[in-house]
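Noted in Swiss-Prot for the protein shown:
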type    : residues                                                                   : note
BINDING : Ile9, Ser10, Gly11, Gly12, Met13, Asp14, Ser15, Thr16, Leu17, Cys18, Ala19 : ATP binding site
BINDING : Cys190, Cys198, Cys201, Cys204                                             : Zn(2+) binding site
Amino acid sequence: MSKKALCIISGGMDSTLCAYLAKKEGYEIIALHFDYEQRTQEKEKECFKQICKALKVEKSYILDVSFIKDIGGNALTDKSIDIPKNELCISDIPPITYVPFRNGIFLSIAGSLAEKENCESIFIGVVEEDGSGYPDCTDEFIQKAQEFINEGTSKNFKVCIKTPLVRLNKAKIVELALKENVPLELTWSCYESEDEACGECDSCLLRLRGFEKAGFKDKIKYKS
């Protein structure tokens with residue numbers, strides 16, 4: 001029986017690279033995507049499906065967690081709140097694009113699915129550099145989440161949450177992704193647009209800076 005990993009794939013660079021690294025480690029990948037009615041959900045879902053096809057994933061899940069939008073309080077799900085432009089968050093205070101406890105919600109559900117599918121690992125693409133001010137993107141939080149899942153599941157099930165990118169910056173992530181032949185042109189990072197990336201939101205700026213510092217050109221289309 002092959003070892004299995006549940007890979008949480010948003011459609012972005014980091015989670016996609018994590019899935020490729022899981023495959024390199026010899027895991028059979030079960031892919032998981034969450035629809036929480038964020039602004040770019042349709043584009044992210046399209047990217048997820050293309051990434052699964054590129055990885056030859058045989059089993060995938062797209063789960064509706066739209067109650068996250070009902071909770072609100074963030075610019076990703078509430079279109080009445082403007083997405084900040086041309087400024088990178090460097091504060092310890094969560095930015096308005098922070099979705100409260102999102103990774104906690106995702107990992108709780110992933111833990112349930114991992115137990116059902118008998119996965120020995122969960123891969124999630126959290127990056128501390130990206131998560132400045134995001135309390136659920138730290139290595140400490142992930143370790144606590146792993147303890148929580150293992151405490152709350154059956155005694156004969158133990159899962160390891162793997163975060164291979166947590167200490168890397170965006171340039172290193174781009175370099176590693178290209179080294180591993182990850183099709184970054186299939187990924188999406190923009191918080192606001194689904195046709196052409198805005199090039200101005202926090203996520204676009206981090207992505208563009210990563211490509212620039214790594215010395216490579218991003219192949220996706222940008223408005224600016």
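Keep in mind that glycine also has a Cβ here, set from the backbone N, Cα and C atoms.
Secondary structure from DSSP puts Cys190 (Zn(2+) binding site) in coil. Sequence-ordered, the extra residues of this chain that approach the Zn(2+) site, with Cβ no more than 8 Å from the Cβ center of Cys190, Cys198, Cys201, Cys204, are Ile83, Ser189, Tyr191, Glu192, Ser193, Ala197, Gly199, Glu200, Asp202, Ser203, Leu205. Within 8 Å of the centroid of the Cβ atoms of Ile9, Ser10, Gly11, Gly12, Met13, Asp14, Ser15, Thr16, Leu17, Cys18, Ala19, where the record puts ATP, the same chain has further Cβ atoms from Ile51, Gly125, Thr187.
In the three-state DSSP scheme, Ile9 (ATP binding site) is classed as coil. Checking each of the binding-site residues Ile9, Met13, Ser15, Leu17 against Cys198 (Zn(2+) binding site) by C-alpha distance, the shortest gap belongs to Met13.
Cβ environment of Ile9 (ATP binding site): Ser15, Thr16, Cys18, Ala19, Ala31, Leu32, His33, Phe48, Ile51, Cys52 lie under 8 Å away, each six or more residues apart in the same chain. According to DSSP, Cys198 (Zn(2+) binding site) sits in a coil region rather than a helix or strand.
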